[in-house]
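S.K.: I have a structure I would like to understand better, so I am pasting it below and will then ask my questions one at a time.
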Amino acid sequence: MAHEILIAETEAFLKNVAPETRTAIISAITGGKSACKSAAKLIKNEHLPLMSGEATTMHIVMRCLYPEIKPWKKASDMLNKATSSLKKSEGRDIRKQMKAAGDFLGVESMMKMRAFRDDQIMEMVEEVYDHPDDYTPDIRIGTITAWLRCKNKKSERYRSNVSESGRTALKIHEVRKASTAINEIAGITGLGEEALSLQRQTESLAILCNHTFGSNIMRPHLEKAIKGVEGRVGEMGRMAMKWLVVIICFSITSQPASACNLKTCLKLFNNTDAVTVHCFNETQGYMLTLASLGLGIITMLYLLVKIIIELVNGFVLGRWERWCGDIKTTIMPEIDSMEKDIALSRERLDLGEDAPDETDISPIPFSNDGIFEI
C-alpha cells in the first residue's frame, strides 16, 4: 500500500506536466529497475520536458526506490542547500529516529509527533538519497512519500492523510487495476459481454483521466465517473463472490480436502477481490476458504440427513399415501365433483331423458293472449 500511495503522490506532483511525460515517468517507476534507470538517465540528460525542480524531485524518487541509480550532482546540491541551516545535533537525532522507525507507518508517526519543519524533512530526504543502502525500502518509500505529500499540500487545501490530487490519482490507479482483473472475473460470473463493456469503459476513463488530471474544472466530473465505474465493478465483484461460495460449497465438498484445493480457492478469491480493489491477504483468504468449505460440509450433511428422514417416513411409517392424497387435492381440488358430473351425464344418456330440474319452480302463468295472469 505504501508503494501505491507513493505512486499516487508522485502522479499528483506531476499533475501540471504534459500527460505523455507523466505517463512515461509513472510507467518507469512501476516498470522495474531497468525502466527506472533509463528514465533517470533521460531526466539527468534533460531529455524529458520537466522543469528544474520537477526533474530533481523525480530523480530523488527514483534513486530512493532503486539505490543502484547513481546520484545526480544537481539533486545533491539542492538537498545540501535546503539543509544548510540545520544543526548537526538535530541531524543526528533525525537519523537515529529514522533507523528506529522500522517501516512506512513508523516514519509517518515520527513526522507527526515531531511536527517537522521543511529543513528537517529535507534532512530525511537527503539521508535516503545519499545513503540509501543504510535504510530499508519501507523507510525510503515512507520518507519520499511524506516529502511529496508536504509538497502537494502547499499547492492545495486538504485535511486527510493523502492530498486531494493524490487521492484522485489513487482512485485512477485502482480503476486501472480493476480493468485488468475484469477478464478473470468474467469467467466466474458468466457475464462476458457486461465485463467486456465495463473494461472498455474503464480503459476510456483511464485515458480521459490521464489527459485531464491536472484540470480543476474536470476533477468533479472525473470523480463522478470513477465512482460510477467503481460501483459497477463492486457489483460484479459481489456477484462473483456469490458464485464462488456456491462453487466451493457444492464442488469442493465432493472431493477430499487438500492443500491443492485450498490453494485453488485462494486463487479464485484473490482474483475475485481484485475487482473490488481490496485484495485479501493470505490469512484472510485462507480463513474465508475454510469458512466456505465448512458451510459446504454442513449443507451436504443437512441434505443427507433430510433425505434419510424422508425415506424412513415414506417406507416405514407409510406417510407417502397421505402425501399423495394431499398433493392430489392441492393440484386438482374439484376432481370429486368432476367425477359426479361425468357419472350423471352417462346416466342421462342411458335413460334418454333430459336433465331434471334441480329446484321446484312452478311455471309462470301466462294466458293464451300472452298476458301475465296474477
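Cβ atoms are placed via backbone N, Cα and C, with glycine included.
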S.K.: Scan Asn210, Asn281 for the residue that Swiss-Prot records as N-linked glycosylation site.
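M.R.: Matching Asn210, Asn281 against Swiss-Prot annotations yields Asn281.
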S.K.: So one of Asn161, Asn270 should carry the feature N-linked glycosylation site according to Swiss-Prot; which one?
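M.R.: That would be Asn270, per the N-linked glycosylation site annotation in Swiss-Prot.
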